[in-house]
Structures are given as structure tokens and as C-alpha cells.
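Listed in TrEMBL:
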type     : residues                                   : note
DOMAIN   : 11-341                                     : domain 'DhaK'
BINDING  : Gly62, Ser63, Gly64, His65, Lys113, Asp118 : substrate binding site
ACT_SITE : His226                                     : active site, tele-hemiaminal-histidine intermediate
DOMAIN   : 382-585                                    : domain 'DhaL'
Amino acid sequence: MAFQGKKLINKPDDVVTEFIEGLVETYPGLQYLDGFPKVKVVLRADVSGATYDKVAIISGGGSGHEPAHAGFVGEGMLTAAICGDVFASPPVDSILAGIRAVTGPMGCLLIVKNYTGDRLNFGLAAEQAKSEGYKVETVIVGDDCALPPPRGIAGRRGLAGTVLVHKVAGAAAAAGLSLLDVATEAKHAADMIGTMGVALSVCTLPGQVTSDRLGPGKMELGLGIHGEPGAAVADLQPVDVIVSHVLKQILSPETNYVPITRGNRVVLMVNGLGATPMMELMIATGKAVPKLQLEHGLAVDRMYTGSFMTSLDMAGFSITIMKSDQAVLQRLDAATKAPCWPIGADGNHPPAKIPVPIPPPALATKNGETFGGPLQLNQQGLILEAAIEAAAKAVINLKDALNEWDSKVGDGDCGSTMFRGATAVLEDIKCYPLNDAAETVNEIGSSIRRVMGGTSGIIYTIFCKAAYTKLKSSSLDDITPKKWAEALEASIAAISKYGGATAGYRTLLDALIPASEVLRKRLDAGENPTTAFIQSSEAASAGAEATKNMQALAGRSSYVFGELLAAVPDPGAMGAAAWYKAAAMAVRDKSLHT
């Protein structure tokens, strides 16, 4: 069925020039070249090619993908954007005008989506500019993961991942890097990106009739940003199913579109195609993040959700996954004045959830005792209190050492992260139901989850939750030393299951696994529980020290060369051994005086 599309426009031929006029009226940092209708170039108002002392970053292509590309012009991102007519590559003269307007002695980098028209027009403009004495480099972005290889000479299409390349290149240029270095970073970023789109409708070009080739109840997988047919048409599915399919396609080891494997860190972009409500985009993001973490074993460093590269009024979204490292994150987090780059998305994420505030007295435990803390501690409560306080203080005292070790093998914040958790535990202990071991362990997990971000926070939260589940199966009076040993085993199993590490991976498990094995062995042999605890703590310390001679197979240390790891223990293992040993010593001392 064909129908006339509804548009809030004047003349179809004027949509691009009138868009540019509205854009520069909205953002005072932008201007356009006075060459309408042939030359349609948006550029930074503070840049003049004759005096500009940094590498100029220029991109563009057919219009209809707004905010790309003109919405990403600004300090720290694009210096100029060349706008073609809707879905048509800009002409060579327009590209040349943009190069001449903003390129200074440092040269310019052209970032081009992989479409034949764009490659040819930008390529010819680059050669002409070089002949005029300009220094020009070009990076082609082809991040499409929908169509199976091979695709002849056409290659993969350029999609929304191009916006991330804009950001990396723009930040590198703003930092004063040379043209060759900026181009190298942009090329590296382009090689790390994969994108796939899903549409519920085709787009409507201004002044043209639209045919809904999909029909009701259908969706199209892998279509291009110009409305061209995709890889397949299928029945509409819940977004959970759609997101799973798209992620598997992008990360498929068979196609090997992107060099991303389990244990890597990534950046996620969920991009609206023009007519998708923000609510639906956020739902897709909310489903994509845990799937990347749990199903694909990836750590998600940054999430960007919104409309970045659209297809006019197409309903649907694309997902972009980019392999990340500290250098890439530094570029993505760098300041920019580009009006359509999302603000508030930089930086590491705290825990997504915190406990709902409740007025005192707190909720009652299963035996009627409140979480405001028991009025009088029994023997178990006194021992547990001493062990928790000692363990937390040991971590606090080890903060600087942990940070120093982590600065050599990781990102340098292990001590600070664990310090926040230990401090919270000491602050909250007065409210713990210490006569109930299971609920106390659960509350420790809540304290940690509230303040500890990153991998350490989630690992210790999982540790406490698994121990709580094991302990709560016993009555209050039946928490024997062997029950504690079983809880430790359950915690180790949970960390290994969800984190993927085991003994020898150079993690905190290299302290906890030997401790658990010795504890179980000594208790089964009938030894005094306190003595068994002390001996297991010695095994934890020995295991942590032994990480000096291990090659990292998990965590951020796995990215560090083995030579740099030599003689440096794993900070996570040392932290675990410290609190474990402190707890054992406190139990021994408290037992002697009760």
C-alpha cells in the first residue's frame, strides 16, 4: 500500500538548507558557509582555516540522518560537517569548500562512511585538496554487521558507530595530536566497532510516496540507514528477543566482525532511527547491558542511548558495540561542545540500585529481631562483631598498599574501592542483626553494594549473597563451623560462576580457594574450629603471595604484560587475604575471652 507521507516542511527541495538555518540559529557556536543551495557546510564559528592550530576533523554525507553529522560539530568533535541532499552524497565542490574553510597547517582528517558515493566524492576532494597544498588523511568507517561476508568490493556499510569515531578523533585533535596520530586513533576506533539495526517501518522521504513493504506485525533486521532492504524480514518479537539476536549477530565468532571476546570491556550505543520513543530505546539499553555482561562475558564501560544517526522517520533502533580500553574511554569522556553529543554519560557507574530508605525501626527479621541491631549480643553475636570490625579495619589499613599494587597491574583504585566498602561496613555494623549470622552477612552485602562500584563491588556483593543463601537454610542455633565452611564454598562457587575465574587466574579466588580447602580439611579431621580458621588464613596469605608468579587470566591485570606483573601480587587477592586473616585472629582472641 502506497501513501503520501506527512511532513512538517515547506518545499521538499529546501529541507536541508532550512534545517541548517534552524541549527545555527539554535546553537551560537555553529555557522554555515554562504553557498546555498550547492554548498551546504556547517562549521565551528570559532575556527578559521588560516589560523587554526589543530587538526581539523571533517565528516558528512547525505542528509536525513540528523543529528548526524552537523549536530556533532563543535570543539572536541567535528570541525565541519558537509551536508548532501537527503540520502545523497555531498558534491566534491562542497567538500572542498569545507576543507578550505577550516584546515590549517596541521591538516585535516576526513571521516567517511563506507558508501560508494561518499568514498568517491570525499576521495576526489581529498586529492584536489592535497594538490592545493593541504595535508589530508582519510578514515573509512564500515561497522555494519548485518550482511554476511563476502560483499565484494562494497564492503560493510557505515552506520551509527561512525559517531563514536567522530568523538575519538575529535578528542585526539583537541589534545593537540598530529594528523598521523589522530588518523591512527580514528582508524583503530573504526576497527573496534560493530553495528546492526532493526526497523519496524521504512522511512518517508520528503515529498515522496512511502510504501510500507513490511506490513503489520513485521520487522526488518539489518536494513541500512537509507531505507534499503535488510538481511531478513521476520515477525515482530519482544525487545528481549530482538536485542539478544542483534548482540549475537554483532559478536558472532563465525563472522568475526569485531575483535571482541569474553572478558573484554566494551562501549554500548543504542541509537534511535528517527521515530522510536526514548522509553523504548531505554528499554533496549536496559536489556542489552545485562545480556552483554552475563551472556557474553563483557564489561560495559559506557552506555549511550538516544538518536545519533537516524533514517528520517524510521521506527526502530540500532545497537553499536565498541571494544574499549582506557585510551578510548579518555577520548569518549573528553569535553566537547558538540550540541548533540550526550552529556551525563561519561564516568564510571555506581551500583544501579541502592536500598529503598525506610524509617526506623527497620523491618523485622525472621525471628522478630529488628535490623536496628540487637539490644544484647549473644556469644555468636559478640564473636561475629569482633570478626567484622577486624576485617574492615584490616582493609582500611591496607588501602595505600592495595592502590600501589593496583597502579602497577590495573587501574590503581583497588584500595580506594575496598576502603569505601570497609568504611560503610563499620558505619553500618551498629544496625546489623549480629545474633543472626545469615542476615548479618546479607546486610554486609547491602552495605558493600551501596558504595562499592566496579568489579570488586559486584564480586563481594555476590560473595555475601551466596553465603547468605547457604546460611539461611540453617536455624539460628545451628550455624556451626562446618556451616560457615559451606557458606565460604558457596561464595567461591558463585564468584567463579559469574566472574569466570578460578584458581590460578590471579584474582581474589587465589586467596579464598586455598583458605576454603584448608578450612574444610581441618574441620573434617576434627581439629579445633578456631585453629582450623587460623590455619586456613595462613593458606589465604600464601595463596595471595603466590599470585606474584601467575599470569593474569581475568580482570584488568589480564591486559598487562607478564613481565610487568612479576613480583607484584594481585591486589584483590591481597585484600581478601588481609580481611580473612584479621577475622580469624579476632575470632581466636574473642574466643579466648568468652
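Using the three backbone atoms N, Cα and C, a Cβ is placed for every residue, glycine included.
Quantities reported herein were computed from a predicted structural model and do not represent experimental measurements.
Non-local neighbourhood of Gly64 (substrate binding site): Val86, Phe87, Cys203, Leu205, His226, Thr310, Ser311, Leu312, each in the same chain, at least six residues away, with C-beta under 8 Å from its C-beta. Averaged over the domain 'DhaK' (11-341), the predicted model reaches a pLDDT of 94.
In sequence order, Val15, Val16, Phe19, Lys40, Cys83, Gly84, Asp85, Val86, Phe87, Ala88 constitute the residues six or more apart from Ser63 (substrate binding site) in its chain with CB-CB distances below 8 Å. Comparing Cβ neighbour counts within 10 Å across the recorded positions His65, Lys113, His226, the minimum falls on His226. Maximum C-alpha to C-alpha distance over the listed substrate-binding residues Gly62, Ser63, Gly64, His65, Lys113, Asp118 is 15 Å. It is Gly62, among the binding-site residues Gly62, Asp118, whose Cβ has the fewest other Cβ atoms within 10 Å in the structure shown. One way to see the shell of the substrate site is to take the Cβ centroid of Gly62, Ser63, Gly64, His65, Lys113, Asp118; the remaining same-chain residues with a Cβ within 8 Å of it are Gly60, Gly61, Ala68, His69, Gly84, Phe87, Ala88, Ser89, Ile225, His226.
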